[in-house]
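Q: Let me begin by handing over the structure; questions about it come next.
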């Protein structure tokens, strides 16, 4: 292929610009794929057919196909845990334990619920909010504080776990970007995912040390003086109905609370089967195991355990599973589009060209902070961490070898920036759902959370600068 120069970056840049402008990641990725095919083939009409073929051919790779299937199965698993009454039983169990006999314990329960329930970010938010709201009202703790705590333990926790939908998505992106051992790289990136780690720890420190400043201080003072009951207009029947439906708590449903084990055992199965799969596929060496195979085995085993609690409701079991899997189809499609665009970028050698540009324009030590800032800006603008991952990971991976930087650190910079931008963005779905679940004004949640998010992001920026200097 002839040297196209800066033109090789256009497919990725077009996808980023369109994602920010339209906030439609599907449209952005498809446009980027078409432009890449046009640059490779030179025919705009033939590029349409080539684009379709490249998207379909993503499934020709066994590893990519397993990750796409895993993504769908995670949706089925989540639906089974909701349908078998496990989520409702877990909520009831937490309430029956009467934990939260003080302000700090009430906030700690919300934080702990968010940390322990890492299956899916929205489930994390809804369960933590449902269990903690009565305690927050009893001790006159602001709902803005609740929204901050549950938002800070949803995406930041989920991004650190390889065997949920977040892990599946990013493992697929890493595999599609040509990473030979995506699971190992992901585990290393977890340790360097500074924003996610700092956000979770900062929330714990805010609870333990009662650190309230800025808009949060005013919100807390108001809650202490007049309580939440004076702001009952923030709690709408629509919000309550949506939360109850998401947690399978609606009285009209047929599902009743079973046992907390209906949720805990599938999660435990996920945790245990994952390393077992690595050991089996690696012939006794976990490091040589197949990550895509192991995560697929783990989610299928967990699904079987979750389904066992519904063995008398086989029709409901099947309906729930396939309904949940269906909800993950958009995620699977975004993953396939991202993998196709990543393959085109590699064929155009876009990452190598970008590395050459960066080598001559900035110190290598600044690359990680710049990648973090770029990912943050994109995620804030489009309101989607996953969209950011799909746009930037295919570009970030080639930089590692070219700039002699740790691959895990570059991946961590993208993941950290994506989560921070999503966390701070007023148009992010997790921000909206957190405010809805806590029954607090959406803009108040954004205002009160932002100072804490910026503090964690500043610490993360310093962390990436230090890694860059030491690399």
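In case you wondered, yes, glycine gets a Cβ from its N, Cα and C as well.
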Q: According to TrEMBL, which listed range is transmembrane segment: 364-383, 424-443?
A: 364-383
Q: Of 11-28, 29-46, which span is tagged transmembrane segment by TrEMBL?
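A: The range carrying the transmembrane segment annotation in TrEMBL is 29-46.
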Q: For which of the residue intervals 67-91, 142-166 does TrEMBL record transmembrane segment?
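A: Among 67-91, 142-166, the range TrEMBL annotates as transmembrane segment is 67-91.
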Q: Are the transmembrane segment (324-344) and the transmembrane segment (29-46) close enough that 3 or more Cβ pairs fall under 8 Å, when only pairs 6 or more apart in sequence count?
A: yes
Q: How about long-range neighbours of the transmembrane segment (294-312): same chain, 6 or more residues beyond its ends, C-beta under 8 Å?
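A: Counting only partners 6 or more residues beyond its ends, the transmembrane segment (294-312) has Cβ contacts under 8 Å with 66-67, 69-70, 73-74, 76-77, 80-81, 83-86, 162-163, 167-168, 171, 183, 258-259, 261-262, 265-267, 269-270, 273-278, 281, 320-321.
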Q: Would the transmembrane segment (395-420) count as touching the transmembrane segment (450-470), if touching means at least three Cβ pairs under 8 Å and pairs must be 6 or more apart in sequence?
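A: When sequence-distant Cβ pairs are counted, the transmembrane segment (450-470) touches the transmembrane segment (395-420), since at least 3 lie under 8 Å.
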